[in-house]
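Student: Found this in TrEMBL, in case it helps:
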DOMAIN    1-185  domain 'GH16'
ACT_SITE  Glu71  active site, nucleophile
ACT_SITE  Glu75  active site, proton donor
CARBOHYD  Asn79  N-linked glycosylation site
Amino acid sequence: MWSENHFTTSEDGQIWYLSLDNDTGCGFQTKQKYRFGWFSMKLKLVGGDSAGVVTAYYMCTENGAGPERDELDFEFLGNRTEEPYLIQTNVYKNGTGNREMRHMLWFDPTEDFHTYSVLWNNHQIVFFVDKVPIRVYKNNGKPNNFFPNEKPMYLFSSIWNADEWATRGGLEKTDWKIAPFVSSYKDFSVDGCQWEDPYPSCVSTTTKNWWDQYNAWHLSDSQKMDYAWVQRNLVIYDYCKDYERFPTLPGECSLSPWD
């Protein structure tokens, strides 16, 4: 997307490297847009002191932060050495986000590649880490202002400096002396409905694809066990429990992830 000289690959082209220095970061996006499906990529995050560095892997209806965009975010928030990475997820509908959750991970994401995936259909959006569901975001089956299901999205990834907020609320700044910061990517895969104007054949809920069938509308029993473990042990922040910020909780907070 920008700063092509900060983008390199392994000799066989199978691993991509994005680097950030004091000059700029880097990013890439898909050529196609998709509406619903399974989207997955393996990432290895910046090691060592990564305070202030954000690695993002996300879906968005446009290239930019437009006022009407829909967006599904994985953001990996760097930290000082020996402090754990945090993973932040967010959902935007028509330009409105503020639906953050933050989780710890049960492994060091800088030591090896791990798989980060999004399942998106008209019933739910599920964020997965190594096939473990860490966040479930439900639809209510009615027209609403919280569930993005109308607009197709591109997939993006980028690395950028966000030391004004990313690490301890902006207290920890990026140490440019140890730049460049490099994140690694491989095994990008999509099993989804590729958009074709004005409408692709798969745009309606046809249930022809596994990600659009009954079993993908809910967590399985084993996924529910994994999800319950995540909820007990790894959630750092959930906007649906932040009554100071939302004295009246957003409507989607009443929808059960277990249904």
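Glycine too: its Cβ is placed from the backbone N, Cα and C atoms.
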Student: Residues with Cβ closer than 8 Å to the Cβ of Glu75 (active site, proton donor), same chain and 6+ apart in sequence?
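Tutor: Result: Val54, Thr55, Ala56, Tyr58, Ile87, Gln88, Thr89, Asn90.
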Student: Whole-number answer please: how many Å between the C-alpha atoms of the residue listed as 'active site, nucleophile' and Asn79 (N-linked glycosylation site)?
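Tutor: Cα to Cα, the residue listed as 'active site, nucleophile' and Asn79 (N-linked glycosylation site) are separated by 25 Å.
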Student: Long-range same-chain neighbours of Asn79 (N-linked glycosylation site), Cβ under 8 Å, sequence gap at least 6?
Tutor: Ser50, Ala51, Tyr85, Leu86, Thr167, Glu172
Student: Note down the number of other Cβ atoms within 10 Å of the Cβ of the residue listed as 'active site, nucleophile', including every protein chain shown.
Tutor: 20
